[in-house]
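Annotated features, as they stand in TrEMBL:
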type	residues	note
BINDING	Arg38	pyridoxal 5'-phosphate binding site
BINDING	Arg60, Ser61, Gln68, Arg276	substrate binding site
MOD_RES	Lys247	N6-(pyridoxal phosphate)lysine
COMPBIAS	435-449	compositional bias 'Polar residues'
Amino acid sequence: KGKCPEDGWDESTIELFLHELAIMDSNNFLGNCGVGEREGRVVSGLVARRHYRLIHGIGRSGDISAVQPKAAGSSLLNKLTNSVVLDVIKLAGVRTVTSCFVVPMATGMSLTLCFLTLRHKRPKAKYIIWPRIDQKSCFKSMITAGFEPVVIENILEGDELRTDLEAVEAKIKALGAENILCVHSTTSCFAPRVPDRLEELAVICANYDIPHIVNNAYGVQSSKCMHLIQQGARVGRIDAFVQSLDKNFMVPVGGAIIAGFNESFIQEISKMYPGRASASPSLDVLITLLSLGTSGYKKLLKERKEMFSYLSSELKKLADNHNERLLDTPHNPISLAMSLKNLDETNDAAVTQLGSMLFTRQVSGARVVPCGSVQTVNNYTFKGFMSHANDYPCAYLNAASAIGIKKQDVDVFLKRLDKCLKTFRKEAKQEKSLNEISDANAATEQLED
């Protein structure tokens, strides 16, 4: 049926299935005689076993989704993977998606492929409207495609950074709709930035007849992000949405899914990819989804959501204990942020030092964001880089509840963070005491004089 099985398969069944696919490829035929330059020859047995002897890759030179006659097994693998992944995207919340394909590039380059496909549809266009998110790959994806990003600064609403819809529409009017390639929005992001107002942006795109590409990097694991995409497509325009394989399906880095609601446009994107492609990302995600089944993946999604609530409540307690606060970002379903105001006021370098301390204590993924850092990316200067705003009110620390996180991860992180913050408080007290002693000595000397 081309759908993800409800119950996961055991490893021996998956391996049997993959071996059956592999013997359909010509390089594995007993009497094969290859006289071309690409015949699936692999000199290392270890490499051959690592890829289950599926050596031909996917697609043909003109289309990544095309069937390769001498690699029937690899072609079937590709078709099945795309079909199973489409089923899982529907299960995750985007029920009206019509087409998708796995591409052996991470999210940034996959976004670039979408922009390059739109170039042929809108030859006059040179701008991309981009509500600001301080993440280099999505910014560079526009530069690499040869377009000029038009950065729309976010609006601060409470603690949250949200899409400035009026600024988006004003910029469209100022530049002219025909000169704009697309609006490039974002769902999954680091707090205190929250997902873009996708429904409203989709309506604006429909009204001005401008394409809309969504960076949904790690949004498949969030029912809220997927709901925003579904609603945006229902009320307005979303041409394609791109998500990472590693972040959503716990496979090695190197693949993404490009999906959309217009099958012909998604096919155009797949035809834009030059040459054949590695089958590794498709193989990894197919093995993973067959082993999990829909019930296993749903369970992971449920656990992630539960861990988000747990991380939120425990991080709030820790913040209160250290006279800080958990920033109020209810529209962000994956990432949390805790203020570091006291740390920042104590010592300018203390915030970045905290990041180093956590890293050396084997806490990975936590981001420490100081105030006022400036960074230049491809000749564009961002003030307050990493905080998604020029002047966010305070320094803060990020932590995320992503798919696969365990209660132990949360508990160990909080324990180590608590210890680091106590170290800073102790040092601050000692420094204060030393300053008071120094002041008292100076006063005594003055009286004696």
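Glycine too: its Cβ is placed from the backbone N, Cα and C atoms.
Listed binding-site residues: Ser61, Gln68. The one with the lowest count of other Cβ atoms within 10 Å of its Cβ is Ser61. Take Arg60, Ser61, Gln68, Arg276, the residues named in the record as contacts for substrate: the widest Cα to Cα gap among them comes to 10 Å. Separating the Cα atoms of Arg60 (substrate binding site) and Arg38 (pyridoxal 5'-phosphate binding site) is a whole-number distance of 12 Å. Apart from Arg60, Ser61, Gln68, Arg276, the substrate site neighbourhood in this chain, defined by C-beta within 8 angstroms of the site C-beta centre, holds Gly57, Ile58, Gly59, Gly62, Asp63, Ala66, Gly275. Around the Cβ of Arg38 (pyridoxal 5'-phosphate binding site), the same chain contributes His56, each under 8 angstroms and 6 or more positions distant in sequence. When the Cα of the residue listed as 'N6-(pyridoxal phosphate)lysine' is compared against those of the binding-site residues Ser61, Gln68, Arg276, the shortest separation belongs to Arg276.
Contacts of Arg276 (substrate binding site) defined by a Cβ separation under 8 A and a same-chain sequence distance of 6+ are given as His56, Gly57, Ile58, Gly59, Arg60, Ser61, Ile64, Gln68, in order along the sequence.
Cβ neighbour count for Arg60 (substrate binding site): 16 (other Cβ atoms within 10 Å of its Cβ, all protein chains included). The residue listed as 'N6-(pyridoxal phosphate)lysine' has a Cβ environment of 22 other Cβ atoms inside 10 Å.
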